[in-house]
Amino acid sequence: MPRLEEHCWSCSCSHSVKTQELSSAGWIVCKTGEMMSIITAVLRHAYGSLHSLQSANLMRRGLVLFIVGVVLALVLNLLQIQRNVTLFPEEVLDTFFSSAWWIPLCCGTAAAVVGLLYPCLDHHLGEPHKFKREWASVMRCTAVFVGINHASAKLDFANNVQLSLTLAALSLGLWWTFDRSRSGFGLGLTTAFLATLIAQLLVYNGIYQYTSPDFLYVRSWLPCIFFSGGVTVGNIGRQPGSTFVFRN
């Protein structure tokens, strides 16, 4: 009898210990699940905040680039018209800005797209641009770009080829001084090619025209202007904060 009682007592004790262990394990699992739920909620909230911040930064950066493109388009197009480099219908010249309504809109949109593509391309190529990132350098780059446009309208050469070679050298100098990246050079060339092609189509369809065209329907120095413009808006798009938009 004592052995039976001892055996029953030991069984009940071991059963009690197992029950306690199971309940402790269940409590740990429950608490772990609660902690994982909290961590997941925090991460989801952080990701949502980060996504909202990225979207706001993207919109702000695009708006700045759009405004810059509109202002430069109005000023530089007026300069070209005054020097009789480009010709528009009389009803266009009678407007307040002496410019067709679609020019600032197209140039502003193009500036926003190209300017945002520069940091995106840097990120995907794994080559963050760190050369002359301060805003003072951006202002100097913009001033040089305006100077190149001014030279295209003001300088008088024996022929357009000499002017084109001069502007090409100035455009490459602008890229070398303020950019020096492979992505910047490649995207600048792509911008020049596509913009020149669009200009050819516009002139071909009689929307406006150039005086003394020597490169099909446009001037041969026009790609140089578009190349330097792409580098300029790219430097604006690369300013601190713009690359944050494309980080994972």
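From the backbone N, Cα and C atoms, a Cβ is placed for every residue, glycine too.
Please treat TrEMBL annotations as automatic predictions, because they have not gone through curation.
For 62-81 (among others), the entry in TrEMBL reads transmembrane segment.
For 101-121 (among others), the entry in TrEMBL reads transmembrane segment. For the transmembrane segment (101-121), same-chain residues at least 6 beyond its ends with a Cβ under 8 Å from one of its own Cβ atoms are 58, 61-63, 65-70, 72-74, 77, 95, 129, 183-184, 187, 191, 195, 229-230, 233-238, 242-243, 245-246.
What TrEMBL records for 157-178 (among others) is transmembrane segment. Within its own chain, the transmembrane segment (157-178) has Cβ neighbours under 8 Å at 131-132, 137-138, 140-141, 144-145, 147-148, 151, 184-185, 188, 212, 214, 219-221, 224-225, 227-228, 231-232, 235, counting only residues six or more beyond its boundaries.
Feature annotation from TrEMBL assigns transmembrane segment to 185-204 (among others). Tertiary proximity for the transmembrane segment (185-204) is limited to same-chain residues at least six positions away from its ends with a CB under 8 Å from its CB atoms, namely 110, 114, 117-118, 121, 175, 179, 210, 213, 216-218, 222-224, 226-231, 234.
The transmembrane segment annotation in TrEMBL covers 216-237 (among others).
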